[in-house]
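Peer 1: This is the structure I want to talk about, given as structure tokens.
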Amino acid sequence: MEQNLYPSKPLFVHEQVRINKVKTVLLILCFGALILGICYLIGYIYNNVVMGFVIGAAYCAFIIPIQIFSSKSMLISSVHGRAVDESNPNERRVRRLVEGLSISAGLKEPPKVFIIPTRTPNAFAGGLKPEDSYIGVTEGLLELMDDSELEGVLGHEMSHIVQRDVLISTIAIALMSITVFLAGIFYRTSFYGGRRRSRDNDDNGSNAAILMLIGLIVYLLANLLSNLINLAISRKREYAADASAVRLCSNSEGLARALEKIAGVSGRYNAETVSSLGGDQMLCLYIYNPKKKLLSLFSTHPPIEERIARIRNMY
């Protein structure tokens, strides 16, 4: 029997936005708890817990600003985005729709619009602040969408801008890097500390072996958990952007049809089309990521069928 993807109860837009914001905060706190736990373990190895927290704080203060500032210039240049051609009515309507959505979203100025020269239908948003933001849409998206569908896609991307999702994603990636780095310090410290203890004690190295095994387990778990948390944050931001788009456009059907059309051409994705979108590292930023994983836990986006079902059930 085919599973019914539609939620059993109606989904209220404001409630969905709030729920996904709360879940994002909780996931960020999970990152914090994971980092604090690893810092404690580093301090335990050194017999100085304060040292462990100092190491963690110093690396956070170093890597987070670098991650934020380095993300500013990579996006548009990697997809060869160009300005809107004002002589092209199909491209002018993007600017018109973006300006209308900006007013609805309460932005002082509309985001800049860039056209990505590829027939593959997709779109993404960039910019760490609403006043320094932009939306990239592909030529293929403009050819495929009517006004209602295009407005739904632009509303989704506008929601990412209003909710500062690019900044949140950048911080999440930085926290993942910090977690893995600190776990590596703990693993190396436990390895060399264990070898030293095995030379100093008469326990035939059994305690040292246990310590090194713990270090390896912590390192592997930190890599896995930090990646899962980062992916979960990405999925929650997609759900929130879908809900916010429905609120901005006052229409759920446009975005639902747009996602159906975009997913309908997913079979055409190959190395060339992925490259035209900026490569694998950029796919997580688009409204649709064609890279499907065996388990949704390892996906940057929720299943497209589930997103469409939820959107059509929102009020």
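All positions are counted from 1 along the displayed chain.
The backbone N, Cα and C atoms fix where each Cβ goes, glycine too.
Caution: TrEMBL annotation is automatic and unverified by curators.
So TrEMBL lists these for the protein:
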type     : residues               : note
ACT_SITE : Glu157                 : active site
BINDING  : His156, His160, Glu238 : Zn(2+) binding site
DOMAIN   : 90-314                 : domain 'Peptidase M48'
TRANSMEM : 24-43                  : transmembrane segment
TRANSMEM : 49-69                  : transmembrane segment
TRANSMEM : 166-187                : transmembrane segment
TRANSMEM : 207-229                : transmembrane segment
Peer 1: When you scan the chain for residues with a C-beta under 8 Å from the transmembrane segment (24-43), skipping those not six or more beyond its ends, what do you find?
Peer 2: 49-53, 55-56, 60, 168, 171-172, 175-176, 178-179, 182-183, 185-186, 189, 218, 222, 225-226, 229, 232-233, 236-237, 240
Peer 1: Summarise the model confidence on the domain 'Peptidase M48' (90-314) as a single mean pLDDT, whole number.
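Peer 2: Summarising the domain 'Peptidase M48' (90-314) by its mean pLDDT gives 88.
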Peer 1: About how far apart, in whole Å, are the alpha carbons (Cα) of Glu157 (active site) and Glu238 (Zn(2+) binding site)?
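Peer 2: Glu157 (active site) and Glu238 (Zn(2+) binding site) have their Cα atoms 10 Å apart.
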Peer 1: Using DSSP with the three-state reduction, classify Glu238 (Zn(2+) binding site) as helix, strand or coil.
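Peer 2: Its secondary structure by DSSP: helix.
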Peer 1: So for the residue listed as 'active site', how many other CB atoms are inside 10 Å of its CB?
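Peer 2: 26, counting other Cβ atoms within 10 Å of the residue listed as 'active site'.
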Peer 1: Using an 8 Å cut-off from the Cβ centroid of His156, His160, Glu238, can you name the remaining same-chain residues around the Zn(2+) site, in sequence order?
Peer 2: Ala125, Glu157, Ser159, Asp165, Arg237, Ala240, Ala241, Asp242, Ser244, Ala245, Ile287
Peer 1: Would you identify the secondary structure of Glu157 (active site) according to DSSP, in three states?
Peer 2: helix
Peer 1: Sequence gap of 6 or more, C-beta under 8 Å: which same-chain residues meet both conditions with respect to Glu238 (Zn(2+) binding site)?
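Peer 2: Spatial neighbours, sequence-distant, of Glu238 (Zn(2+) binding site): Thr300, His301, Pro302, Arg307.
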Peer 1: Using a Cβ cut-off under 8 Å and a sequence separation of 6 or more, which residues in the same chain sit near His160 (Zn(2+) binding site)?
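Peer 2: Once residues fewer than 6 apart are set aside, His160 (Zn(2+) binding site) is near Ala125, Val166, Arg237, Ala241.
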